[in-house]
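*Asks:* Got a structure for you, questions after.
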């Protein structure tokens, strides 16, 4: 198989064992086939795709094309076995470690793995917004699910990903609105005789590879059976607006926030100062003891004199 001995790099034992068990399960002579492949010394060396490296001056659209080219070179995983276990509830830092493992093993991937890999390879593009887009479609009595990584650069939308169909993966960032991007995917599904049923949109993913926050996979769930065409478009634009507002709050200049904090805290300090005076007033009995003590001192001295 094409995934065997990829560039001679070792693959962790659980991944290999999953592959061999799958071969033994679906092939009538699976165990002997697996052993014959394992013992073969003349298997061709399959080149490993190189992880793209960019110059600081490389434009973002060119970087996205290079990332998509790398994802495509890994090839779509048609084996029926998922080589990398991805739990959506894992923190971002754990998913980025898994993406690094994908680049080392260079095995074929599916759409969810491509999304994680796309996030990993675009982390240093801080001017690029990334968010997951999930699709649920219906064809011939069955439901199918797919996911891509939506991107927004300079107010233009696009997507990264992998699919069996060329038109359901990469979209250059040329779409003026999020709804235009989603409608383009819907049209691509229609050409494949699929009917789009649901779209799930996540929020923007952090660029910090060490972040412990989780990816928000489904901030908006849009059911096309319950929405008119115009309402569907409005919901898509509402989600895009929410993402812009969240980004604006997260990456805006810090000074207004600090000013607001000062404005909020200054009345509290003004209110606290009377409390402090009151607290000092509460302490006045101890202060009043001092003059009482000072008055008592002559009595004490008089007592000493009398003694």
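Cβ atoms are placed via backbone N, Cα and C, with glycine included.
Checked TrEMBL, it gives:
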type	residues	note
ACT_SITE	111	active site
ACT_SITE	146	active site
ACT_SITE	163	active site
COMPBIAS	279-293	compositional bias 'Basic and acidic residues'
REGION	242-307	region 'Disordered'
*Asks:* What are the non-local neighbours of residue 146 (active site), defined as same-chain residues 6+ apart in sequence with CB under 8 A from its CB?
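*Replies:* Sequence-distant Cβ neighbours: 111, 134, 135, 137, 163, 168.
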*Asks:* 111, 163: which of these active-site residues has the sparsest Cβ neighbourhood within 10 Å?
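*Replies:* It is 163 that, of the active-site residues 111, 163, has the fewest other Cβ atoms within 10 Å.
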